[in-house]
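J.: Structure incoming, see below.
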Ligand code: SF4
Ligand code: SF4
Ligand code: SF4
């Protein structure tokens, strides 16, 4: 019974992850995350863009509503636990996805996400009788999340690719 709160926290984390399908932290060893993370908060303190916050039972997690990941590796550098992969590995496989709440699907002209995307992964496709529709080039998208908080209808999420999410085309 004494372990119940810990187990509950972990279950809440995994439940949330299944729902959001979003990454926890860049370079993190996902399978060992809840076992190795002591919730010390060092990554939260040192993230230059301040996008890491404690959530779901205290485990740190990036929140793209707060800003973008610059892939600076600070969170990994300051972590005292063997929780992160080397910087030479990919940070994550996460990619942006656009939902049907995008203004363009309602024929309202908006290009905010495209303007925020440094690697130019978002392009706008002209369509007859409609405003230009955003398209994400998943090969160029780094999953940085810069497009998330800029979207006026919160239409963009950053998802792990294996569980999928449809893009607006
Ligand atoms: S890599 Fe840098 S910007 Fe990205 S979450 Fe870690 S500390 Fe923050
Ligand atoms: S910023 Fe949001 S509403 Fe505007 S085009 Fe991009 S996804 Fe659509
Ligand atoms: S997550 Fe970053 S790279 Fe991907 S579409 Fe958004 S701004 Fe561009």
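Cβ coordinates are placed from backbone N, Cα and C, and glycine is handled just like the others.
Caution: TrEMBL annotation is automatic and unverified by curators.
In case it's useful when we look at the structure, here is the feature table from TrEMBL:
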- 28-57: domain '4Fe-4S ferredoxin-type' (DOMAIN)
- 37, 40, 43, 47: [4Fe-4S] cluster 1 binding site (BINDING)
- 58-89: domain '4Fe-4S ferredoxin-type' (DOMAIN)
- 69, 72, 75, 79: [4Fe-4S] cluster 2 binding site (BINDING)
- 132-161: domain '4Fe-4S ferredoxin-type' (DOMAIN)
- 141, 144, 147, 151: [4Fe-4S] cluster 3 binding site (BINDING)
J.: Quick one: pull the CA-CA distance for residue 151 ([4Fe-4S] cluster 3 binding site) versus residue 37 ([4Fe-4S] cluster 1 binding site), whole Å only.
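T.: Cα of residue 151 ([4Fe-4S] cluster 3 binding site) to Cα of residue 37 ([4Fe-4S] cluster 1 binding site) measures 32 Å after rounding.
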J.: So which one is it: of the binding-site residues 37, 72, 151, which has the fewest other Cβ atoms within 10 Å?
T.: 72
J.: Can you break down the domain '4Fe-4S ferredoxin-type' (28-57) into helix, strand and coil residue counts using DSSP?
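T.: Within the domain '4Fe-4S ferredoxin-type' (28-57) the tally stands at 12 helix, 5 strand, 13 coil.
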J.: Which residue, of the binding-site residues 40, 75, 79, 147, has its CB surrounded by the fewest other CB atoms within 10 A?
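T.: Counting other Cβ atoms within 10 Å of each of the binding-site residues 40, 75, 79, 147 gives the minimum at 40.
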J.: Averaged over the domain '4Fe-4S ferredoxin-type' (28-57), what pLDDT does the predicted model reach?
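T.: The predicted confidence over the domain '4Fe-4S ferredoxin-type' (28-57), as a mean pLDDT, is 94.
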J.: Would you mind checking how many other C-beta atoms are within 10 angstroms of the C-beta on residue 144 ([4Fe-4S] cluster 3 binding site)?
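T.: Step by step: centre on the Cβ of residue 144 ([4Fe-4S] cluster 3 binding site), count other Cβ atoms within 10 Å, giving 24.
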J.: Residue list, the domain '4Fe-4S ferredoxin-type' (132-161) vs rest of chain: Cβ under 8 Å, 6 or more residues beyond ends.
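T.: Long-range Cβ neighbours of the domain '4Fe-4S ferredoxin-type' (132-161): 20-23, 51, 62, 64-71, 91-105, 109-126, 167-169.
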J.: Which ones, of the binding-site residues 75, 79, 141, have a Cα no more than 10 Å from the Cα of residue 37 ([4Fe-4S] cluster 1 binding site)?
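T.: Neighbours among binding-site residues, in sequence order: 79.
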J.: Among the binding-site residues 37, 69, 144, 147, name every one whose Cβ is found under 6 angstroms from ligand 3, counting any of its atoms.
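T.: Cβ < 6 Å from ligand 3, in sequence order: 144, 147.
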J.: Which binding-site residues out of 47, 75, 151 lie by ligand 2, going by a Cβ under 6 Å?
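T.: 151, by Cβ distance under 6 Å.
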J.: Counting by DSSP, what is the helix, strand and coil composition of the domain '4Fe-4S ferredoxin-type' (58-89)?
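T.: Across the domain '4Fe-4S ferredoxin-type' (58-89), DSSP assigns the residues as follows: 5 helix, 5 strand, 22 coil.
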